[in-house]
Amino acid sequence: EVKQESLSGITEGEAKEFHKIFTSSILVFFGVAAFAHLLVWIWRPWVPGPNGYS
């Protein structure tokens with residue numbers, strides 16, 4: 001069996017660990033961003049009503 005070396009130089013276990021940390025941090029980032037957008041929408045909706053923002 002010929003062992004193929006990775007292009008990045010990290011092992012498969014290290015790659016899986018990195019992937020787990022990366023995906024969880026992306027989910028946290030998107031969660032914070034979605035919450036911030038919700039707060040801004042509550043404060044001032046992007047589509048004003050018939051009377052504008054008054």
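Here the Cβ of each residue, glycine as well, is placed from N, Cα and C on the backbone.
If you look up Swiss-Prot, you'll see His19, His37 marked as bacteriochlorophyll binding site, on the strength of sequence analysis. Residues or ranges marked as topological domain 'Cytoplasmic' by Swiss-Prot: 1-20. For 44-54, the entry in Swiss-Prot reads topological domain 'Periplasmic', with the evidence type sequence analysis. Taken from Swiss-Prot, the feature transmembrane segment applies to 21-43, supported by sequence analysis.
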Stretch-averaged pLDDT - the topological domain 'Periplasmic' (44-54): 82
For His37 (bacteriochlorophyll binding site), the number of other Cβ atoms found within 10 Å of its own Cβ: 11
In three-state DSSP terms, the structure that His19 (bacteriochlorophyll binding site) belongs to: helix
C-beta crowding around His19 (bacteriochlorophyll binding site), within 10 angstroms: 10
